[in-house]
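What TrEMBL annotates here:
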BINDING   K13, R14, K15, S16, G17, K18, D19, R138, Q177  ATP binding site
BINDING   N167  substrate binding site
Amino acid sequence: MDSPKLILLFSGKRKSGKDFVTSIIQQRLGGSSVCAILRLSGPLKEQYAKEHGLDFRRLLDASGYKEKFREDMIRWGEEKRNADPGYFCRLIVRDVPQPVWIVSDARRRSDVEWFRCRYQLQTRTVRVQASEESRRERGWVYTAGIDDAESECGLDQGVAFDWTISNDSDGPLLEEQLERVLRVVRDCLEL
Ligand SMILES: Nc1ncnc2c1ncn2[C@@H]1O[C@H](COP(=O)(O)OP(=O)(O)O)[C@@H](O)[C@H]1O
Ligand SMILES: C[C@@](O)(CCOP(=O)(O)OP(=O)(O)O)CC(=O)O
(Lines of atoms letter the chains of each structure in order from A and count residues from 1; the text may use other names and numbers.)
(Lines give C-alpha, C1' and ligand atoms only; values in the text may rest on other atoms or scores of the structure.)
(Ligands and ions follow the chains in the order given, each with its own letter.)
Protein backbone atom coordinates (compact mmCIF):
# COMPACT_ATOMS: atom_id res chain seq x y z
CA MET A 1 0.00 0.00 0.00
CA ASP A 2 1.25 3.53 -0.79
CA SER A 3 2.04 5.60 2.22
CA PRO A 4 1.25 9.30 1.86
CA LYS A 5 2.91 11.91 4.04
CA LEU A 6 -0.28 13.87 4.47
CA ILE A 7 -3.95 13.42 3.65
CA LEU A 8 -6.29 16.39 3.59
CA LEU A 9 -9.92 15.32 3.80
CA PHE A 10 -12.14 18.09 2.46
CA SER A 11 -15.84 18.38 3.05
CA GLY A 12 -18.46 21.04 2.46
CA LYS A 13 -21.89 21.57 1.01
CA ARG A 14 -22.44 21.54 -2.70
CA LYS A 15 -21.28 24.76 -4.35
CA SER A 16 -19.27 25.66 -1.24
CA GLY A 17 -16.20 25.51 -3.48
CA LYS A 18 -14.52 22.18 -2.66
CA ASP A 19 -13.24 21.64 -6.20
CA PHE A 20 -12.21 25.28 -6.56
CA VAL A 21 -10.25 25.34 -3.30
CA THR A 22 -8.61 21.93 -3.66
CA SER A 23 -7.42 22.77 -7.15
CA ILE A 24 -5.73 25.96 -5.88
CA ILE A 25 -3.99 23.97 -3.14
CA GLN A 26 -2.78 21.43 -5.67
CA GLN A 27 -1.37 24.20 -7.90
CA ARG A 28 0.36 25.92 -4.96
CA LEU A 29 2.04 22.65 -4.01
CA GLY A 30 3.54 22.29 -7.46
CA GLY A 31 0.81 20.40 -9.28
CA SER A 32 -0.23 16.82 -9.74
CA SER A 33 3.20 15.29 -9.26
CA VAL A 34 3.22 16.32 -5.61
CA CYS A 35 -0.45 16.30 -4.77
CA ALA A 36 -3.18 13.95 -5.96
CA ILE A 37 -6.79 15.02 -5.84
CA LEU A 38 -8.90 11.97 -5.07
CA ARG A 39 -12.68 12.02 -5.37
CA LEU A 40 -14.88 9.48 -3.65
CA SER A 41 -17.50 10.41 -6.23
CA GLY A 42 -15.08 9.43 -9.06
CA PRO A 43 -15.55 5.64 -9.05
CA LEU A 44 -19.15 6.15 -7.98
CA LYS A 45 -19.92 8.30 -11.03
CA GLU A 46 -17.92 6.03 -13.32
CA GLN A 47 -19.82 2.89 -12.34
CA TYR A 48 -23.15 4.70 -12.19
CA ALA A 49 -22.60 6.11 -15.68
CA LYS A 50 -21.75 2.68 -17.07
CA GLU A 51 -24.80 1.05 -15.54
CA HIS A 52 -27.13 3.83 -16.70
CA GLY A 53 -25.64 4.64 -20.11
CA LEU A 54 -24.61 8.19 -19.10
CA ASP A 55 -21.73 10.47 -20.04
CA PHE A 56 -19.17 9.95 -17.23
CA ARG A 57 -17.11 13.04 -18.20
CA ARG A 58 -20.14 15.29 -17.90
CA LEU A 59 -20.97 13.87 -14.48
CA LEU A 60 -17.57 15.13 -13.33
CA ASP A 61 -17.94 18.81 -14.23
CA ALA A 62 -19.62 21.67 -12.34
CA SER A 63 -22.47 22.06 -14.85
CA GLY A 64 -26.10 21.14 -14.22
CA TYR A 65 -25.75 17.68 -15.79
CA LYS A 66 -24.83 15.80 -12.59
CA GLU A 67 -27.67 17.52 -10.72
CA LYS A 68 -30.23 15.66 -12.84
CA PHE A 69 -28.91 12.39 -11.46
CA ARG A 70 -27.69 13.41 -8.02
CA GLU A 71 -30.58 12.02 -6.00
CA ASP A 72 -30.41 8.68 -7.70
CA MET A 73 -26.58 8.59 -7.53
CA ILE A 74 -26.82 9.20 -3.78
CA ARG A 75 -29.27 6.30 -3.44
CA TRP A 76 -27.07 4.08 -5.62
CA GLY A 77 -23.91 4.98 -3.69
CA GLU A 78 -25.63 4.42 -0.37
CA GLU A 79 -26.51 0.89 -1.36
CA LYS A 80 -22.83 0.20 -1.98
CA ARG A 81 -21.72 1.94 1.20
CA ASN A 82 -24.30 0.22 3.36
CA ALA A 83 -22.93 -3.11 2.24
CA ASP A 84 -19.33 -1.93 2.66
CA PRO A 85 -18.62 1.56 4.14
CA GLY A 86 -15.04 1.56 2.82
CA TYR A 87 -16.00 0.61 -0.73
CA PHE A 88 -15.24 3.93 -2.47
CA CYS A 89 -12.41 4.83 -0.07
CA ARG A 90 -10.49 1.69 -1.00
CA LEU A 91 -10.98 2.31 -4.70
CA ILE A 92 -9.56 5.82 -4.71
CA VAL A 93 -6.38 5.09 -2.74
CA ARG A 94 -5.09 2.38 -5.06
CA ASP A 95 -1.73 3.16 -6.68
CA VAL A 96 -1.44 6.78 -5.65
CA PRO A 97 2.29 7.58 -5.48
CA GLN A 98 2.10 11.30 -4.62
CA PRO A 99 3.14 12.30 -1.09
CA VAL A 100 0.07 14.49 -0.53
CA TRP A 101 -3.46 13.25 -1.06
CA ILE A 102 -6.43 15.53 -1.13
CA VAL A 103 -9.79 13.84 -0.83
CA SER A 104 -12.07 16.56 -2.13
CA ASP A 105 -15.47 15.18 -1.14
CA ALA A 106 -15.74 13.48 2.25
CA ARG A 107 -19.43 13.38 3.11
CA ARG A 108 -20.05 10.80 5.76
CA ARG A 109 -18.67 9.91 9.19
CA SER A 110 -17.67 6.56 7.74
CA ASP A 111 -15.44 8.35 5.16
CA VAL A 112 -13.56 10.23 7.90
CA GLU A 113 -13.36 7.16 10.12
CA TRP A 114 -11.99 5.02 7.30
CA PHE A 115 -9.07 7.39 6.67
CA ARG A 116 -8.43 8.08 10.35
CA CYS A 117 -8.34 4.38 11.05
CA ARG A 118 -5.90 3.50 8.27
CA TYR A 119 -3.84 6.69 8.15
CA GLN A 120 -4.17 7.99 11.69
CA LEU A 121 -1.02 10.11 11.71
CA GLN A 122 -1.39 11.58 8.24
CA THR A 123 -5.08 12.51 8.16
CA ARG A 124 -6.28 16.11 8.60
CA THR A 125 -9.78 17.46 8.00
CA VAL A 126 -10.70 20.68 6.21
CA ARG A 127 -14.20 22.13 5.99
CA VAL A 128 -15.11 24.50 3.18
CA GLN A 129 -17.81 26.85 4.39
CA ALA A 130 -19.89 29.18 2.23
CA SER A 131 -23.07 31.10 2.93
CA GLU A 132 -26.28 30.06 1.24
CA GLU A 133 -26.16 33.38 -0.64
CA SER A 134 -22.71 32.60 -2.07
CA ARG A 135 -23.77 29.07 -2.98
CA ARG A 136 -26.88 30.42 -4.68
CA GLU A 137 -24.75 32.83 -6.74
CA ARG A 138 -22.82 29.74 -7.89
CA GLY A 139 -26.00 28.02 -9.01
CA TRP A 140 -27.18 26.19 -5.91
CA VAL A 141 -30.93 25.64 -5.53
CA TYR A 142 -32.21 24.01 -2.34
CA THR A 143 -33.57 20.58 -3.14
CA ALA A 144 -35.40 18.48 -0.54
CA GLY A 145 -34.14 14.91 -0.50
CA ILE A 146 -30.61 16.12 -1.32
CA ASP A 147 -29.77 19.12 0.84
CA ASP A 148 -31.34 17.57 3.93
CA ALA A 149 -29.81 14.12 3.36
CA GLU A 150 -26.69 12.49 4.80
CA SER A 151 -24.76 13.19 1.61
CA GLU A 152 -24.91 16.93 2.44
CA CYS A 153 -25.35 16.90 6.23
CA GLY A 154 -23.39 13.85 7.42
CA LEU A 155 -20.45 15.95 8.62
CA ASP A 156 -22.38 18.99 9.88
CA GLN A 157 -21.75 17.85 13.44
CA GLY A 158 -19.38 15.62 15.31
CA VAL A 159 -16.10 16.31 13.52
CA ALA A 160 -13.58 18.76 14.96
CA PHE A 161 -12.10 20.05 11.70
CA ASP A 162 -8.43 20.91 11.67
CA TRP A 163 -9.22 23.92 9.45
CA THR A 164 -12.36 25.68 8.31
CA ILE A 165 -12.05 27.76 5.16
CA SER A 166 -14.62 30.50 4.52
CA ASN A 167 -15.19 30.74 0.80
CA ASP A 168 -17.43 33.80 0.42
CA SER A 169 -16.73 36.75 -1.84
CA ASP A 170 -17.28 39.16 1.05
CA GLY A 171 -15.45 37.01 3.62
CA PRO A 172 -11.82 36.66 4.69
CA LEU A 173 -9.27 36.44 1.89
CA LEU A 174 -9.10 32.93 0.53
CA GLU A 175 -5.38 33.10 -0.19
CA GLU A 176 -4.54 33.95 3.41
CA GLN A 177 -6.63 31.10 4.74
CA LEU A 178 -5.11 28.63 2.30
CA GLU A 179 -1.63 29.78 3.20
CA ARG A 180 -2.19 28.50 6.76
CA VAL A 181 -2.95 25.05 5.43
CA LEU A 182 -0.12 25.18 2.90
CA ARG A 183 2.42 26.08 5.57
CA VAL A 184 1.65 22.87 7.43
CA VAL A 185 1.80 20.80 4.25
CA ARG A 186 5.15 22.31 3.25
CA ASP A 187 6.55 21.71 6.74
CA CYS A 188 5.47 18.13 6.50
CA LEU A 189 7.12 17.77 3.08
CA GLU A 190 10.16 19.72 4.30
CA LEU A 191 9.84 22.11 1.34
N1 LIG B 1 -13.82 31.75 -4.37
C2 LIG B 1 -14.39 31.57 -5.58
N3 LIG B 1 -14.22 32.51 -6.54
C4 LIG B 1 -14.77 32.34 -7.77
N5 LIG B 1 -15.52 31.27 -8.13
C6 LIG B 1 -15.71 30.31 -7.22
C7 LIG B 1 -15.15 30.40 -5.90
N8 LIG B 1 -15.50 29.28 -5.23
C9 LIG B 1 -16.23 28.52 -6.07
N10 LIG B 1 -16.36 29.12 -7.27
C11 LIG B 1 -17.11 28.60 -8.45
O12 LIG B 1 -18.38 28.13 -7.99
C13 LIG B 1 -18.75 26.93 -8.65
C14 LIG B 1 -18.96 25.83 -7.62
O15 LIG B 1 -17.71 25.54 -7.00
P16 LIG B 1 -17.19 24.05 -6.84
O17 LIG B 1 -15.76 24.12 -6.43
O18 LIG B 1 -17.52 23.23 -8.04
O19 LIG B 1 -18.10 23.61 -5.59
P20 LIG B 1 -18.32 22.19 -4.94
O21 LIG B 1 -17.19 21.30 -5.46
O22 LIG B 1 -18.22 22.42 -3.46
O23 LIG B 1 -19.70 21.77 -5.36
C24 LIG B 1 -17.64 26.60 -9.64
O25 LIG B 1 -18.00 27.09 -10.92
C26 LIG B 1 -16.44 27.38 -9.07
O27 LIG B 1 -15.51 27.74 -10.06
C1 LIG C 1 -23.59 10.98 -5.56
C2 LIG C 1 -22.54 11.90 -5.05
O3 LIG C 1 -21.27 11.25 -5.01
C4 LIG C 1 -22.45 13.08 -6.01
C5 LIG C 1 -21.37 14.04 -5.67
O6 LIG C 1 -20.96 14.81 -6.72
P7 LIG C 1 -19.89 15.96 -6.48
O8 LIG C 1 -18.88 15.51 -5.48
O9 LIG C 1 -19.41 16.38 -7.81
O10 LIG C 1 -20.79 17.05 -5.81
P11 LIG C 1 -20.48 18.54 -5.35
O12 LIG C 1 -19.03 18.83 -5.62
O13 LIG C 1 -20.81 18.62 -3.89
O14 LIG C 1 -21.38 19.39 -6.20
C15 LIG C 1 -22.84 12.30 -3.64
C16 LIG C 1 -22.78 11.15 -2.65
O17 LIG C 1 -23.70 11.08 -1.84
O18 LIG C 1 -21.84 10.33 -2.69
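In case you wondered, yes, glycine gets a Cβ from its N, Cα and C as well.
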What number of additional C-beta atoms lies within 10 angstroms of the C-beta atom of G17 (ATP binding site)?
24
Starting from the Cβ of K13 (ATP binding site), draw a 10 Å sphere and report how many other Cβ atoms land inside it.
21
Which same-chain residues, if any, lie at least 6 apart from the residue listed as 'substrate binding site' yet have Cβ under 8 Å of it:
G12, S16, G17, F20, V21, V128, Q129, A130, S134, L174
Tally every other Cβ atom lying within 10 Å of the Cβ atom of K15 (ATP binding site).
20
Ten-angstrom check, please: count other Cβ atoms within 10 Å of the Cβ of D19 (ATP binding site), all chains counted.
19
Number of Cβ atoms other than its own within 10 Å, given for Q177 (ATP binding site):
19
